[in-house]
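Peer 1: Relevant sequence annotations retrieved from TrEMBL are reproduced here:
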- 12-34: transmembrane segment (TRANSMEM)
- 48-197: domain 'Inositolphosphotransferase Aur1/Ipt1' (DOMAIN)
- 54-76: transmembrane segment (TRANSMEM)
- 88-105: transmembrane segment (TRANSMEM)
- 160-179: transmembrane segment (TRANSMEM)
- 185-207: transmembrane segment (TRANSMEM)
Amino acid sequence: MSWLKNKIPERMMRWTPLLLMLVFPVLGSLYQLVNKPRSRVYSLVTPLDEATPFIKYFALPYGVWIFFIYVCIVYFFFHDRSSYYQSLLLYTVCALTCYIIYLVFQTTVPRPEVVGNDPFSKLMQYIYNRDKPFNCFPSIHCFSSYMVMRLIWKSPARNWVNIILISGMSLLIIASTLFVKQHVIMDVVGAIALVEIYYFIFFKLLTKYRHKMASERHQEFHA
């Protein structure tokens, strides 16, 4: 390891943790294994979902979702390294959990027919062609958007500017999943619950356990 450090400039070594973001293409490849229709598909559509209008202009925030997530995670890398690692851990376990759910409980959302040649209609048609109308619960768009919003709320690097920007864009993306008819309300609820469950397990429960074990070792040492 010391040989490697001697060969690689210190400035470059500081950037090596960014290589952990290679988990995203790996997870994307795994998603292709579950991105297909199955014999039985469920529906979680409620009357409120049916009453929600289709608004093609929300295709824009929906379409830039993954770039927004990348920007937020890189921002954490430079301004709050702890949140950077937390975001990668949360995204990975939440995504893998979603994939398992998609395998055993695949849901679908009815889509409207998109007509028109304007840029928003074209973007909407592209989204519908790329994102199949299944694997909806929980929503990956929603859990990841809520995740970065959740992390900036607790980050020591938070300020009113990044809180407003990240929270505002996250909420816009979450809303867009409903208005472009890619998801329903239960998909959003499931996504938020998923983040909260893993956040509690990894960053509250396990942290409390580590502190308890450290305290016990300290007491034994001074006994």
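Cβ atoms here come from the backbone N, Cα and C positions, even for glycine.
Explain the structural surroundings of these features, please.
Peer 2: Beyond the transmembrane segment (12-34), the same-chain residues lying 6 or more positions past its ends with a Cβ under 8 Å from any Cβ of the stretch are 5, 70, 73-74, 77, 81, 84-85, 88, 91-92, 95-96, 99, 102-103, 135.
Taken together, the residues in the domain 'Inositolphosphotransferase Aur1/Ipt1' (48-197) have a mean pLDDT of 97 on the 0 to 100 scale.
Within the chain, the transmembrane segment (160-179) has long-range Cβ neighbours (under 8 A, six or more residues past its boundaries) at 49, 52-55, 58-62, 65, 68, 72, 75, 139, 141-142, 145-146, 148-149, 152-153, 185, 187-188.
For the transmembrane segment (185-207), the list of distant contacts is 44, 46, 48-49, 86, 89-90, 93-94, 97-98, 107, 109, 136-143, 146-147, 150, 174, 177-178: same-chain residues at least six beyond its ends, Cβ to Cβ under 8 Å.
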Peer 1: Give me the DSSP three-state residue breakdown of the domain 'Inositolphosphotransferase Aur1/Ipt1' (48-197), ordered helix, strand, coil.
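Peer 2: Secondary-structure composition of the domain 'Inositolphosphotransferase Aur1/Ipt1' (48-197): 111 helix, 3 strand, 36 coil.
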